[in-house]
Amino acid sequence: MFFFEIERESASGGGEDQNLLLAAAYVSDAQYNRNVPFETSPRAIRLYYFYNHWTMQVAIYFFICVDLSLALFEEPALFPLPFLATSLAEVLCLTAFFGRLVHFAKVTPQMVFWKDMKNICIMVTIVLTLIDLIIYGSLEAVNVHSVRWSRALRPVFLINFPESRQIRRTFRSIRNTLPDILYVFLLFMFSVLIFSLMALKLFGDRGLKTVEGLPYFTNILDIVFELYVLVTTANSPDVMMPAYNFNWWYCLYFITYTIINTYIFMSVFLAVVYNNYRKHLKNEIRKLAYLKRHKMIEAFNILKVKVGTEFVVTEAQWRRLAKVVAPHISSPHLELLLRISDEGQKGHVDKVSFLRLADLLNIQVVTINIRRHPLEDWMPRVYRSSASLLVQRMVRHRIFVWVYDVIILINAIFIALDERNPFISYAEWLFLSLYIIEILLKLYTYEPRAYFGRRQGTHKMECYVMVGFLFFFFLARKYNSQQILDIVLILRILRLLRIIVSIQRFRVIVTTLINIGPTILTFGGLVLVVYYVFAIIGMEAFHGKVRFSDPNFTSPDALVCGNPALKDSAFARDRYCKNNFNDLASSFIVLMELTVVNQWHNILSETVHSQAAKLYFIGFHIVVVILIVNIFIAFILEAFFVAYSLEKSEVETAIEKKIQELGVGIQEEEMQDGMLVDNVDAKDSGFSGDDGDNKRKDLKGLYFRIASKKYRTVDALLQQMFESEIAPEEEGPSLDEILNFSPGDLYPKNPNFENSA
């Protein structure tokens, strides 16, 4: 719809409309931190808007998900489908990817397109996948089995399309961190090798045996592997026990090894990863900040006119620009932003204020319409009586919340007790009655539509839990189903979530977790890519080596997980048969267990029985556990340092300040303590009045507040911190200088204690 509105506006106007669309494209890029160079011709601009339309982005993600999920239906398959069906689906996905690439080529300059490695990677992957499909299909036609090696390349599409810039940025951080990690890793492996040689000389000639009766520390490769596993503590103290049983003093060797390699080297890994990740992240953020400033300056230069001695953007142009960038913005919201940008109401917006437009549009302001309770209209005398007002004051009071928090805690104690006791069983009905009374009192006190409004998640959860509890409880009584009773128990426990919301300290931590949630999803994409590649390789290399049978089966084949080589092994004895690479889902579960590292050496050693195959598992451990998990920890540390300490941004404060100056603000405390207003489709209203009474009259019941800080991601917080250090009038470096920023430029050449801190 947005694209067609732009088409109509462009068709009805001339060069001025084209300039407006170009400026709006720059502002939209600045708002969403897009860094896509595009042609500035009218046709290219229209194609660029269509390229960034949400339907196109949803479509490309849909085809990426379909392409990745094909591994569930291809041999070895969880849900087998004929090769023709999966190959046609893959060709359809490749066609969509190629179409998206052609669309991008029509938007961006040709020289830029062919120099961009992302585009080259996508084209090469499409060609290689088609070649693999043809070869595999031809061999299958003559009943010759081959390897579908191109399946491991499918995550390339997830990484390299412009929509996945967050995942790509994370991969860049890993790539930039690798050189420094490599030196630490080489030193770490040198330490493992030295200790392995020491172990060979200490224990190799003493005739020691393992629990399984095998020679103890007589092969250097086995020693290196066992000591590498010991770094993860997965085989501790098992690997030490033969030597420790032989001589008490030998434990000093293993203690020394553990201190040096597990605690010192692993801590150094984390320190190096964190330091480099932080350095490269801040360099990326600096680029984003200056690129956003550069795009906003470009937009200003397109629309500026000279008024007196300075260049400005007229109020009419500013309004049109804001409506093109945010077509669904309400008129009251637009007027509020204009009041902030045109503080003196001069009829134009200066450059410094114009540069804040992208940030203003990113801050979600809720337009609120205060509604009266229906009972106040139906029976005003009763609803406004002294007894009714007393009930309403009681419900709005903090003590009412505290009382029900105590009731929930008491209910939790009763849930933990034996429910076969009749007293405990009947007490649940008492708690249920109290919860229903609470909901009815709140519905009596608060306007019902506001109580169930979009932003009253806690109240919705309470009602859903109560309704679900009653429904499943009576269903369980009728059908006597244990599974339904289990659902009832879970719903009862969910009431405890209210405690977290009601305690301020908990709420701060939860809010911080919500703020960093979007960026955590970025690491979810990163882990998905790595897991997918390793899963495909594992399926090709190890599928069929282990087979799962029902635990009740006692046949010889079932007892050894379908592999005679596993006879009398811990793997078969512990019934690890489901830990296999026979399909994508099982492979992901095995990789998750390897990430946790507990018993990972048993899983890999008993599954493959091959020295060379151990490299696959060790490689996975290095990439995921040592590198990606440490980067994830570094991100969590940085995110909490920023999100936990950073106050409201300057722009957000400006909006809140203007809302309060206009006398149309709703504080967060008021929202929680009783006003319970919600976002509605309010009537358009202006700000024509000058004094407070006129403003209130013009607004006709409309109020504003800053909504939940869902836009305050970690990147956004860091970017705000860096932008606050840029002078408002500073033009910034040129585009080429921005793109060539180096992380080393962020740090002083000769650091001392003060500037290092």
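FYI, residue positions are counted from 1 along the chain as it appears here.
Each residue, glycine too, has its Cβ placed from N, Cα and C.
The transmembrane segment feature in TrEMBL is assigned to 54-73, 79-99, 120-139, 181-204, 216-234, 254-277, 399-417, 423-441, 461-477, 513-537, 615-641. For 56-279, 397-645, the entry in TrEMBL reads domain 'Ion transport'. The region 'Disordered' annotation in TrEMBL covers 728-757.
Non-local neighbours of the transmembrane segment (216-234) in the same chain are 192-193, 195-197, 199-200, 202-204, 208-210, 242-243, 254, 257-258, 261-262, 265-266, 597-601, 611, 614, 618, 621, 625; each lies 6+ residues outside the stretch with a CB under 8 Å from one of its CB atoms. Across the residues of the domain 'Ion transport' (397-645), the predicted structure has a mean pLDDT of 73. Counting Cβ pairs under 8 Å that are 6 or more residues apart, the transmembrane segment (120-139) and the transmembrane segment (181-204) reach fewer than 3 and are not in contact. Sequence-distant contacts of the transmembrane segment (79-99) (same chain, at least 6 residues past either end, Cβ-Cβ under 8 Å): 59-60, 63-64, 66-67, 70, 72-73, 122, 126, 129-130, 133, 136-137, 140, 157, 161.
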